[in-house]
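*Asks:* Please find one structure pasted underneath; my questions will follow.
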Amino acid sequence: MAKGFYISKALGILGILLGVAAVATIIALSVVYAQEKNKNAEHVPQAPTSPTITTTAAITLDQSKPWNRYRLPTTLLPDSYNVTLRPYLTPNADGLYIFKGKSIVRLLCQEPTDVIIIHSKKLNYTTQGHMVVLRGVGDSQVPEIDRTELVELTEYLVVHLKGSLQPGHMYEMESEFQGELADDLAGFYRSEYMEGNVKKVLATTQMQSTDARKSFPCFDEPAMKATFNITLIHPNNLTALSNMPPKGSSTPLAEDPNWSVTEFETTPVMSTYLLAYIVSEFQSVNETAQNGVLIRIWARPNAIAEGHGMYALNVTGPILNFFANHYNTSYPLPKSDQIALPDFNAGAMENWGLVTYRENALLFDPQSSSISNKERVVTVIAHELAHQWFGNLVTLAWWNDLWLNEGFASYVEYLGADHAEPTWNLKDLIVPGDVYRVMAVDALASSHPLTTPAEEVNTPAQISEMFDSISYSKGASVIRMLSNFLTEDLFKEGLASYLHAFAYQNTTYLDLWEHLQKAVDAQTSIRLPDTVRAIMDRWTLQMGFPVITVDTKTGNISQKHFLLDSESNVTRSSAFDYLWIVPISSIKNGVMQDHYWLRDVSQAQNDLFKTASDDWVLLNVNVTGYFQVNYDEDNWRMIQHQLQTNLSVIPVINRAQVIYDSFNLATAHMVPVTLALDNTLFLNGEKEYMPWQAALSSLSYFSLMFDRSEVYGPMKKYLRKQVEPLFQHFETLTKNWTERPENLMDQYSEINAISTACSNGLPQCENLAKTLFDQWMSDPENNPIHPNLRSTIYCNAIAQGGQDQWDFAWGQLQQAQLVNEADKLRSALACSNEVWLLNRYLGYTLNPDLIRKQDATSTINSIASNVIGQPLAWDFVQSNWKKLFQDYGGGSFSFSNLIQGVTRRFSSEFELQQLEQFKKNNMDVGFGSGTRALEQALEKTKANIKWVKENKEVVLNWFIEHS
């Protein structure tokens with residue numbers, strides 16, 4: 001699943017607006033982590049009761065009863081399912097949308113058992129008498145059913161038998177049921193959109209991780225693989241899709257010719273969370289790939305007619321071919337459908353053969369979409385198609401190893417997208433998009449290892465917590481590091497061996513290490529200091545990462561667990577004492593040096609890192625290692641001198657690294673904050689995107705801490721001075737903003753130039769924004785603002801303006817036909833400086849007719865990113881937490897993002913007290929998947945308070961001196 005924030009799976013890059021309006025997203029990251037699923041606790045009518053049916057909600061779980069444990073017993077394994085579903089796309093007499101279903105699951109008994117336990121959630125069983133009918137297969141004798149019950153807390157349907165099922169025998173269990181086709185974005189749900197003035201309704205799915213059980217009774221764990229025969233009964237004017245192609249043409253339903261029956265081919269052996277089925281009037285654009293695979297892009301008819309699916313169609317074939325070669329394994333299905341949904345809480349979902357997307361992750365309009373929208377489409381597609389092998393063909397055994405699934409896809413998405421767009425240098429974007437982004441979380445004492453013990457991940461909420469930036473971005477970072485020190489060819493060799501060995505099966509991360517080790521052992525050119533497992537265990541089984549410190553006078557090199565707050569208490573022990581086996585590359589005076597391994601010791605010495613008086617050395621070339629680097633002050637000063645005299649000697653990524661690392665080290669009190677600020681002085685001569693992005697990203701923290709204090713004025717003045725040469729460069733290059741640079745990185749650099757100039761008050765930029773927006777308001781049918789610049793221009797113009805500008809943008813949002821344009825407007829509306837407008841906007845997030853449920857939390861976070869909106873958003877969340885939690889479901893990963901977003905500025909004792917009181921006040925409601933984020937927010941707030949006290953005066957003086 002893509003980072004929905006994935007989140008937010010990168011994918012794009014975050015542009016920082018350090019202005020009066022806010023810190024706003026300019027280059028959107030592929031739905032960075034705000035995602036997965038919404039579990040809406042909506043009311044579902046109960047089935048008629050009978051003496052043989054009981055509904056149990058266990059309060060105190062008696063663990064001796066298997067139905068009170070969250071993990072399924074292994075006494076029964078599913079072999080196959082036959083599932084028929086009929087969604088009703090108009091409400092019934094009670095005003096509810098429902099679906100009806102029938103399921104036959106064939107079971108293989110592994111051990112004698114007198115109870116059948118199968119997942120079921122919010123389903124009402126309509127079978128007469130007992131909830132199910134049980135039959136033997138072949139000569140298998142079936143005992144009578146004693147009683148059936150629903151256990152609400154553990155989400156089970158339990159069938160108690162009067163005798164035992166026998167090992168080696170097959171049985172079939174049949175049930176009929178109905179459920180609500182709710183708008184809760186989970187399981188089998190409904191999505192709505194407007195076509196003109198007509199409301200259209202479609203039925204779609206989101207099963208990951210634990211909501212297949214909301215669609216039909218099933219063994220809803222990833223290792224419980226089976227084959228599926230899906231049949232959909234649907235209105236005859238609509239199209240039915242599922243994982244596999246239809247067996248033939250749809251046939252009329254015998255009892256009602258207005259309905260059609262579509263039966264699909266049997267799936268391969270697969271996990272329940274990868275199932276998908278959709279009923280809609282969507283249309284598609286199609287092509288057949290060279291290998292015979294049918295590729296189709298589905299969307300609303302208007303979007304297809306306007307060509308918004310063509311870019312996705314054009315890149316899908318090359319990406320599929322790339323991964324088939326990368327994995328040395330053919331694409332395992334006969335077709336690849338991808339569909340853009342109006343309502344979808346994840347960024348995208350890798351359902352096997354029927355991938356679902358948010359519209360802004362699949363659709364692209366060359367006339368109205370920005371370059372970052374285009375980059376997002378190609379990277380999200382690459383992420384999801386990577387899963388068709390790694391995750392779908394070979395699947396994790398349990399959710400505690402989610403990082404292997406999502407981390408791997410989050411790494412190779414850059415490779416697949418780079419193949420589709422070879423001139424963009426997309427592979428470099430993993431550094432700002434994933435590596436440094438996740439280090440900010442992984443450097444907290446409240447972080448967690450990539451691999452979590454299976455026994456700690458049981459409930460749906462615990463599973464949802466696995467879908468975080470550690471799993472996605474740290475997973476991607478360490479797999480990239482592994483591929484780099486093995487070499488990509490050797491890595492691919494081991495990967496292909498792994499996929500061939502475990503096709504249609506389940507694995508743990510140890511299985512991948514074993515096959516990579518076999519590839520290492522079969523050659524002699526790559527020599528490792530230890531086994532793949534021994535090296536990687538230190539990166540996956542302990543949280544955090546090291547800071548490597550070099551003393552260039554002696555050549556001494558040491559490592560230490562890096563913590564942003566060096567005084568924080570690390571309560572999680574490590575079998576490796578927080579030491580790592582670290583692959584180190586280095587440059588001395590612009591020349592590459594031999595590779596070096598720092599073993600799992602705290603200190604070593606090597607002359608590679610020793611310099612003469614005028615020399616400098618720089619470690620972690622292109623940031624292929626997952627660590628940060630500190631030097632003695634003389635070496636830092638020599639690097640600064642090199643950057644200010646001839647910056648091209650240092651690779652672009654490492655120019656960004658110097659900024660990222662030094663600011664993080666300053667936060668951790670390992671270097672003076674003035675040294676980090678000195679590392680930005682060279683930017684007045686820098687034209688490349690990544691160093692500027694590093695500075696803006698790092699300084700965004702300064703903005704959050706100081707935009708309510710006297711530091712902010714001198715800080716803005718300094719940034720105006722530094723960015724003005726870049727602004728003038730692109731003003732000339734683009735012929736006064738009438739053209740766009742040719743390559744991706746230059747376009748991103750242009751966006752940073754104009755966003756930084758406008759948000760820090762450069763008059764010519766503010767005038768540009770006002771002029772362009774005024775032109776648009778005077779002629780709404782002709783938008784003169786290039787899509788690349790719209791986020792910046794919209795935000796700045798709304799910040800400068802008042803109600804007229806806000807209402808105009810809101811009106812344009814209501815009319816927007818392209819979701820990318822709607823996203824830009826929705827974010828920009830949060831830039832207003834009018835308190836009453838922001839409060840009104842917050843209220844809109846509680847009304848799904850005004851702000852879609854999938855967009856509610858990101859809208860609140862956009863308002864919170866505005867210095868004026870932040871206290872309003874915090875008050876709003878406090879006042880409405882119970883409603884938000886109940887309406888959206890505590891399992892939704894977006895709660896983690898919401899807590900992070902509204903507390904980012906917290907840096908005072910009063911705000912800390914408020915946060916602690918918020919925790920206390922809502923213990924009865926709970927925080928669901930936001931529980932860890934709340935603890936991290938408390939930790940960050942304490943660190944912020946301390947940092948501001950220690951650094952405010954010196955930072956103020958530095959900005960005054962250099963502005």
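First residue shown is number 1, and so on along the chain.
Cβ atoms here come from the backbone N, Cα and C positions, even for glycine.
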*Asks:* State the disulphide partner of Cys795 as given in Swiss-Prot, choosing from Cys758, Cys831.
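*Replies:* Its disulfide partner, as Swiss-Prot records it, is Cys831.
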*Asks:* His383, His387 bind Zn(2+) in Swiss-Prot, but which of Glu375, Glu406 does that record place at the same site?
*Replies:* Glu406
*Asks:* Which entry in the list of recorded positions, Tyr171, Tyr472, has its Cβ near the fewest other Cβ atoms, using 10 Å as the limit?
*Replies:* Tyr171
*Asks:* Using a 10 Å radius around its CB, how many other CB atoms surround Glu384 (active site, proton acceptor)?
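*Replies:* The answer is 31 other Cβ atoms.
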*Asks:* Grab the pLDDT values for the region 'Interaction with TGEV spike glycoprotein' (717-813) and give me their mean, rounded.
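*Replies:* Over the region 'Interaction with TGEV spike glycoprotein' (717-813), the predicted model scores a mean pLDDT of 96.
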*Asks:* Just to verify a number: CA distance, Tyr472 (site 'Transition state stabilizer') to Glu384 (active site, proton acceptor), in angstrom, no decimals.
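*Replies:* Rounded to the nearest whole number, the Cα-Cα distance is 13 Å.
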